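Heads up: the structure comes next, in structure tokens.
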Amino acid sequence: MWVHTPDMPVEVEQSILEDLRNRAQLNNLALLSVSFYTFLNTHNGLNCSSISNDGSLVVGGFSDSSVKVWDMAKIGQPAKTFSSQGENGSSQDERLSSTSEGKRPYTLFQGHSGPVYSAAFSPFGDFLLSSSSDSTIRLWTTKLNANLVCYKGHNYWDVQFSPVSHYFASASHDRTARIWSMDKIQPLRIMAGHLADVDCVQWHVNCNYIATGSSDKTVRLWDVQTGECIRMFIGHRSMVLSLAMSPDGRYMASGDEDGTIMMWDLSTGSCVSPLAGHNSCVWSLAFSCEGALLASGSADCTVKLWDVASSTKALKMDDTKAGSTNRLRLLKALPTKSTPVYNLRFSRRNLLFASGALSL
């Protein structure tokens, strides 16, 4: 199944090293900074949102089948001057680009023929995946702003790049999850076993496993090589909408429609921390880079920060007690004015990015 993944460009390596050198150390005493991107005037048309690893690009997937990408470096800058549009010296191409950029502050990707339910950037932000109810996943390049590949299959709810970029996973209405390679239009693996829609998918940090959350109220862990289900996590009382893996690969967090968050020990399959996290759907979960904090974003218009390090430390000390659970401590609740939280992402420097659409 595996092929050689492309080598990382030198400038990307240098950028990552620079980020690691400047990473903020987070814990329950040193909390993070949050940068929140709010979508305005979406008229209930925004279905999903995602943020690139460095926070420089934000994508929205819409009910009208469009995918729009905003470059944060260009927001707030004056649009290209319109005086050049009618000048004889400028070519038609120049006029077209300046007109379109002048009218809108985003790049529009068109190709889907149904509502877009998920979008995800590659680890380096050079590619973008979008999945739609038109039964396709599309791969776009953010460098050329063009559609590269259309992967056809079933009605997709979620799509996520693997940590090494070349592979991606999709979650589908047909109760399956699929593993894909960017260079093949057929899936490499189909994970079947859930009893209802697979609503979310998440890669393990070592790329050998994926986790899926379903409307059947279970979370399953799958072996990428064999396509077999190797763990089933039971405990949620409503559909599972979000998943996150800890950076050390030991723990997984899952959030459901009722607002409950559960943290699982992957080695034993047991729940180490059940908690009533929110008053509504938990749409996004993210671990900080060293795994000390867990951030949760919800339809109840709040971002909450949880102390993972203390509870897992207490858990290790209680290992002798069978079945002991330890609730995560809430460190801080950050309410938005009136914005349900669609997506969360920690940058490599441990800045938390969040996004959502203002709901009046």
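A Cβ is built for glycine as well, from the same backbone N, Cα and C atoms used for every other residue.
Keep in mind that TrEMBL annotations are predicted by a computer and have not been checked by a curator.
Residues belonging to the repeat 'WD' (39-72) score a mean pLDDT of 91 in the model. What TrEMBL lists as repeat 'WD' is 39-72 (among others).
Residues or ranges marked as region 'Disordered' in TrEMBL: 80-100.
What TrEMBL records for 80-91 is compositional bias 'Polar residues'.
Under the heading repeat 'WD', TrEMBL lists 109-140 (among others). Sequence-remote contacts of a segment are chain residues at least 6 beyond its ends whose Cβ falls under 8 Å from one of its Cβ atoms, and for the repeat 'WD' (109-140) they are 8, 12, 47-54, 56-57, 59-69, 146-161, 163-165, 168, 170, 180, 182.
What TrEMBL records for 159-190 (among others) is repeat 'WD'. For the repeat 'WD' (159-190), the residues of the chain that approach it from at least six positions outside its boundaries are 1, 3, 5-6, 118-124, 127, 129-131, 137, 139, 149-153, 196-203, 205, 207, 210, 212-214, 222, 224, 227, judged by C-beta separation under 8 angstroms.
As annotated by TrEMBL, repeat 'WD' applies to 191-232 (among others). Across the repeat 'WD' (191-232), the DSSP tally of helix, strand and coil residues reads 0 helix, 24 strand, 18 coil.
The repeat 'WD' annotation in TrEMBL covers 233-274 (among others).
Look at TrEMBL and you will find 275-316 (among others) tagged as repeat 'WD'. If one looks beyond the repeat 'WD' (275-316) by at least 6 residues along the same chain, the residues whose Cβ comes under 8 Å of a Cβ in the stretch are 23, 25-28, 31-32, 34, 36, 241-248, 250-251, 253-263, 265, 324, 326-346, 348, 350, 352, 354, 356, 359.
Residues 1, 157-164, 167, 169-173, 175-179, 238-249, 252, 254, 256, 264, 266, 269 of the same chain lie 6 or more positions beyond the ends of the repeat 'WD' (191-232) yet place their CB under 8 Å from a CB of it. DSSP labels the residues of the repeat 'WD' (233-274) in these numbers: 0 helix, 25 strand, 17 coil.
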